[in-house]
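S.K.: To start, I am sharing the structure in question, which I have written as structure tokens.
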Amino acid sequence: MLCDDCKKNPATIIFKEVLPDRTVELHLCDECAAKRGLISAKKMSPLEVLHKLLKEKGARDAEVICPVCYLSLAEFKRSGRFGCSHCINTFEPYIKTLVKKIHNSDKHIGRKLVPGRKRGIEIYKLREELKKALEREAYEEAARIRDQLKDYGVEDVG
Amino acid sequence: MLDNIRWLIPAQKDNQGENPEIIVSSRIRVARNLDSIPFEIKMKNDDALRLLELTRSVIKQRLKGKFYELQKLTPLEKESLLECHLISPGFIKKDSPVGVFINDKGNISVMINEEDHLRIQGLSGGLNLVNISEQVFDVEEVFGKELGYAFSENYGFLTSCPTNLGTGLRASVILHLPGLVFTNEVDKVLKGAVQIGMAVRGIYGEGSEIKGSLFQISNQYTLGLKEEELIEQIIKLTHMIIDIELKARDVILKKARYEFEDKVFRSLGVLKSARIISTDEVLNLLSALRFGIGMGLIKDIPLDLVNELLIVSRPANIQLYYGVVLEEYERDIRRAEYIRNRLNNPESHT
């Protein structure tokens, strides 16, 4: 079947519009469907949307800096990557708009976080403490921290 | 050291479920990051080492399988893991310390320190997304409980790139669509998939150079839908594409039956007899063979053997299968030998 609009190309899309008294059915080719705005001429992938949005200039971009990892908004816009788990809070509300445009949604409804022991953070802290203890040459304290680390299954605590 | 890849083959060839002649394999991947360590672009060498140490301690205590530091593998071994879809091309290129865990069965892998701290993925032959996702989330929970993931109520699991936020989930299937390629309809169908928000790519080669008629479809959006819904969308689209593929196959039978049968049996003849087969040639030969099995022309070759041949005949895999490093020419000879042996004597592993 040929496209109802151009009458030249074969129709690839059937578009149905339900009106109160009747249903209108249009058979269109890709090109004409795009002209009518029924489909986008070229569908952009989320990554393409992201990079297009990142190029748009904001008024006071460079001033916002993540207090945890020191990523600036300007840096985020260059790389398109977050620096840590806190960045997403730092760059609100810019992120909210961005995410909505990428995913057509700004609300996660999937799986929730399973509460964990946060062993990661604890081991991380112990490592820092161990380093400091060794710098101070507080060897007894260092030995105690090493034992704690071993309790977590971490060997090779140098 | 990987030794050889024979232990990885069962997970790669295993074939189950509906339309196994069209649905080659399924894959689920989730991206996760720890709350306590900076993400990729702000990560220092120390952070990367700590991440490896933390994950290794969890693996040692809670999971069964093997852990490899990528730096300690040879280029051939890395390439082989890539050919088995257990690691990503970007992962091989990373300078910082990275590691990969592969479970006992060889169907679950965890890339540590890829673009995200953890990329947990599972694969299976046939259409098996629901089952695979359950296995992936079992592993995901083990790491989550022990290490604590970065999470926000609004944006879900936090990822390095905003395009993976939310579920961090990518579900994909690899489809064999020779009917649509033959009838020149494949572009139209795949464009339609892109229109409804799916990503489509050829598995081997790009654009008009796609080899073996193998295509991958996957979800592009990760936020705003539940994991099950994302998976359901892929399954639905897979069913739609299968319907169109089957219709195209009917058209071929009506219009070009002898040309089609000729192509299938010629390919089988080459696979069973040739002495030199190149990396590219084998893709098209196996595609014709799979097509012939799907259409009921060939009944004595199981599809899981075709899956095995597809994976083992990749350039790095064929070398690791035999446990020797080979030049291209020798490789093509060994490949032909391996395929010949397997097809003429499917019961025995050479």
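Any Cβ shown, glycine's included, is placed from N, Cα and C.
Worth saying up front: this structure is predicted, and the values here are computed from it rather than measured.
As annotated in TrEMBL:
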BINDING   B:25-29, B:HIS85, B:ARG119, B:170-174, B:201-206  ATP binding site
DOMAIN    B:22-248  domain 'Phosphagen kinase C-terminal'
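Describe the structural context of these features.
M.R.: Other C-beta atoms found within 10 angstroms of the C-beta of B:ARG201 (ATP binding site) number 13, with every protein chain shown included.
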S.K.: Across all chains shown, how many C-beta atoms besides its own are within 10 angstroms of the C-beta of B:ILE28 (ATP binding site)?
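M.R.: Total other Cβ atoms inside 10 Å, all chains included: 29.
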S.K.: So if I draw a 10 Å sphere around the Cβ of B:SER25 (ATP binding site), how many other Cβ atoms end up inside it?
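M.R.: A count of 28.
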S.K.: Three states by DSSP: which one describes B:SER25 (ATP binding site)?
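M.R.: SS state of B:SER25 (ATP binding site) = strand.
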S.K.: For B:SER172 (ATP binding site), write down the residues of its own chain that are at least 6 apart in sequence and whose Cβ falls under 8 Å from its Cβ; none is a fine answer.
M.R.: B:SER26, B:ARG27, B:ILE28, B:ARG29, B:GLN216, B:ILE217, B:SER218, B:ASN219, B:ILE234
S.K.: Translate the DSSP assignment of B:TYR204 (ATP binding site) into the three-state scheme.
M.R.: strand
